[in-house]
């Protein structure tokens, strides 16, 4: 890719000019995107007097690491972190089992009314998420037919996450490309639909399963309003909602330290999986 | 299948044909049962958390709930929300946010992607940098920006003071609050658009630029006549998605300004108002009516988009 011709003709490009532009861009990007993160980490290290003094210090002169331990215990971050992990991996498990099964059924088993059901699922993509928050919240309060209240239970996060038309669409598109002859020959060998799914379709679908898994985890991790509403008990909230709920009366530098801590897991996750996250992003959106 | 073709032959006894047909039917029913069995879990989740709430949204916007009892009130909810003094300001703020967010959030990622596409070094590093904020928990980023914008000890105003430049109080100032919210929002979200544009730019055949250059097109004309037309589909799709997404803005004003309380509600958006009706005043009818109104406006945008796109295609 790097050798293809772009906007500027490489033959005409002055080398020093290119170098200067490169350095300028790298410095500007670093300042713009890492700068605020630097202030986040160091802001949490400053003591109370230092964080409000004039002129501002650009690095903490007296490192107060106690802000971080203070934030960790006052906002109960270990607990919030465990909640988030529990919700995120639970949602991932539910989405993988139910959405993969549904996409496989729609793609390969082709049930009666399958296309109508897929159409109804895809139609939900047209409806702005925020419009449905109120009736969804009331549904969680009193589940239709079985009249269960899911408030403050992990089910309130897990089950709605399954109703994700985008996942089903991505999976179905991928399953469609698995050749039918493979499935037919498996059927002749006596494999039932479940066996075929597990031993033929899934092993071939690893890339898309990876993309869907990452989206599933990131979505729960980044969501704010839904966990705030569905888990009103602060001890059951996710990091995102919990830090907000518990932030009242907490000094600013402790709060900044808490924000810095809560950003660490996602940054590590991103650095490990950045290649698949970024390719999943373009794969998912350009095919829409 | 083989049974059916054999039994349809003239010399097959009628009883065998009937048995064959019954067998096919049984197998078809069984096949369908298995298929629906695989589907049922997801369908139930959709029914509970998407389809039923959708129907309920419409029904509830014509109802009032009081002490556990619901009564039909017709257009009363609509009447109530339209006459709420926050109604028009909320739409105006939403439009302002959408406009500003498009100005920054639409143009900036495109320019960034074009610049990144020209560089032959450090591209991997730059890609990681722009996408990093997208991965952060939004509340972390927003609490950080709240601290940066703080008029008393926030680094932004402090630095401006140091340079003897005018400070503005950002979130405390009715004029600047929305701009401050948009800047934070753009920083948090521009990474995904940038990477999508970058992928689109990499698919432009280099010969097009060469041909344009031979025709004597300068840099800006190459952008105008090659880059933009070649990425038009992605650009228009992203424009549409961003209009729909930014009109639903909630977290940013909620965390940064609590809807602009203290600065005359200068960042109260439509979704913020829905939240207030539902969760501060327990007025679910009004919340749903306003939600339905937002849905109609966004649907109108989608229709306009599809029409324009079709005209551009032909």
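Cβ coordinates are placed from backbone N, Cα and C, and glycine is handled just like the others.
The transmembrane segment annotation in TrEMBL covers B:33-52 (among others).
Taken from TrEMBL, the feature domain 'ABC transmembrane type-1' applies to B:91-305.
For B:97-116 (among others), the entry in TrEMBL reads transmembrane segment. Residues 123, 126-127, 130, 178-179, 181-183, 185-186, 189-191, 193-195, 197-198, 201, 223, 227, 235, 238-239, 242-243, 246-247, 249, 253, 267, 269 of the same chain lie 6 or more positions beyond the ends of the transmembrane segment (B:97-116) yet place their CB under 8 Å from a CB of it.
Under the heading transmembrane segment, TrEMBL lists B:128-149 (among others).
Same-chain residues lying 6+ beyond the ends of the transmembrane segment (B:176-200) with a Cβ under 8 Å from its Cβ atoms: 93, 96-97, 100-101, 104-106, 108-110, 112-114, 116-117, 127, 130-134, 136, 138, 141-142, 145, 149, 168-170, 230-231, 234-235, 238, 242, 246, 249, 252-253, 256-257, 260, 263, 266-267. For B:176-200 (among others), the entry in TrEMBL reads transmembrane segment.
Taken from TrEMBL, the feature transmembrane segment applies to B:231-251 (among others).
Residues 56-58, 60-65, 73, 76-78, 80-81, 236, 240, 243-244, 247-248, 270-271, 273-275, 277-278 of the same chain lie 6 or more positions beyond the ends of the transmembrane segment (B:284-306) yet place their CB under 8 Å from a CB of it. TrEMBL lists B:284-306 (among others) with the feature transmembrane segment.
Sequence-distant neighbours of the transmembrane segment (B:231-251) (same chain, 6+ residues past either end, Cβ-Cβ under 8 Å): 94, 97-98, 101-102, 105-106, 110, 138-139, 142, 185, 193, 196-197, 200-201, 204, 269-272, 275, 294, 297-298, 301-302, 305, 308-309, 312.
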